[in-house]
Amino acid sequence: YNTECEKSTPVNYFWYRETLNITPDIESSGSLQWWMVLCLATAWSVIYICFIKGIESFGKAVYVTATFPYLVLTIFLIRGLTLPGATDGLVYLFTPDWEILKNPQVWLDAATQIFFSLSVAFGGLISFSSYNAERNDCERDALVVGITNSATSLYASIPIFSILGFKATTAFNNCRQENILTLTNHFDISDQNITLENYDKWFNYLNLTHPGDMSTLPLKVCDLQNFLDQSASGTGLAFIIFTEAVLEMPGSQVWAVLFFVMLFSLGLSSMFGNIEGVITPLRELKLVPKWVPDEVLSGVVCLLSFLIGLIFTLGSGNYWVEVFNGYVGSVPLLIAAIFEIIGVIYVHGMKKFSEDIYFMTGRKPNIYWKACWMVISPTMLLVVLIAYVAIRATKYPTYPAWNPDYELFPETEMKPYPDWVFGIIVLLIVMPVISIPLVGLYNLIRCGIKKSSVKASPNPYNNEAFEIETEEQRKQRV
């Protein structure tokens, strides 16, 4: 027998060995897994086909990718609520654990998660909004997007946790069934005498009458709360925990297909925004010649993204997913969001921004919006950023490794990142935000050169022309 297969669960073995063929640590890169390269190429090909003509083509695809997950979630909701143990999962979901809530890391994770959920600071929302009408009701859109996002998260959590409750209950009953078999064999008790319903009574009775024997028996500790606590995030939740739950459901093949097609749809929707956040600035900043067609530009962006994504198809690819997920999608987004709100409210100006809103919607933003933009939002973002950096700085970053030689295998082994990987992490954090000070410095120098050239001009009309031009540009901008 394969020792790794024997020690781990079927789902764990299939995910880590058959699917990822993962290496024991991030330093062992391994080779490209051809099946994952093929899947990656297929995914980017689908994205390119949907994106081939820009907003015209993927705007239609969004109708499917955005609505299909709601249909699947509704199906899972109906099925999940009918499963045994669903109530335990929902009680677990809606019962606050005050000890966990005291942990600042939980709040930091929640803050960064909302960035992913709303796509804040990714650039996609700004790119999409550029296609709106000039007098679009942006206040209404902001409220609809925010409320819909939170409502969707809550709606999705109910079927997920009802199914996870079913999984925990199944594991809890299996644990007690093994104990029942052990007790039945050791004490020569007739079959079917000890059942799941009277297990606790028998357990307490045997503890009182045969305490010595009970202490020597290899009985497992069966606690429903412990099984409910065995949650995960990211790939672990989707491909291990939830997959194990689906396997226990009747007609598991159907539920598995629905679940993973839904994940694929969600991935497509996310990538539409991310790709648009790249292509739109390239066009509007005139970094790409006008004669380059959209099909070619979209193809080049998708091809480069595919080539970069090849790192995730290595044997160590899942570790690099953790790196990008844990560091690239946290600090850079917080920094970008802080500079965005400072740039709009304090550089462009609250008064001018209010006039822009009034021009678009016909009404000026109320005191609540102004308080959020000027004080509450930048303060909260700054606090989260400082707290996040402070917590990360107190301990050297580690990652969970799937190491068959680990003494507690199949549990993942927490290993520190090598120094060279830590250097790459720092680089990945700095690279997305380095453009902010560089572009700011460039514009300051450019503005200073312009002012110097205007003052040095002997023609008095040059100053007047400069003033008229600037005023005209301001009117157009407003």
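Any Cβ shown, glycine's included, is placed from N, Cα and C.
So that you can see what the record holds, here are the features copied from TrEMBL:
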- 32-51: transmembrane segment (TRANSMEM)
- 63-86: transmembrane segment (TRANSMEM)
- 106-131: transmembrane segment (TRANSMEM)
- 143-164: transmembrane segment (TRANSMEM)
- 254-275: transmembrane segment (TRANSMEM)
- 296-321: transmembrane segment (TRANSMEM)
- 327-347: transmembrane segment (TRANSMEM)
- 367-391: transmembrane segment (TRANSMEM)
- 420-445: transmembrane segment (TRANSMEM)
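Using a Cβ-Cβ cut-off under 8 Å and counting only residues 6 or more beyond its ends in the same chain, the transmembrane segment (420-445) has close neighbours at 26-27, 323-324, 327-328, 331-332, 335-336, 339, 396-397.
Beyond the ends of the transmembrane segment (32-51), by six or more residues, the same chain brings 19-21, 57-58, 61, 264, 267-268, 271-272, 275, 298-299, 302-303, 305-306, 309-310, 312-315, 317 to within a C-beta distance below 8 angstroms of the stretch. Tertiary proximity for the transmembrane segment (106-131) is limited to same-chain residues at least six positions away from its ends with a CB under 8 Å from its CB atoms, namely 55, 100, 138, 141, 145-146, 149, 153, 270, 272-274, 276-281, 284, 329-330, 333-334, 336-337, 340, 384, 387-388, 391.
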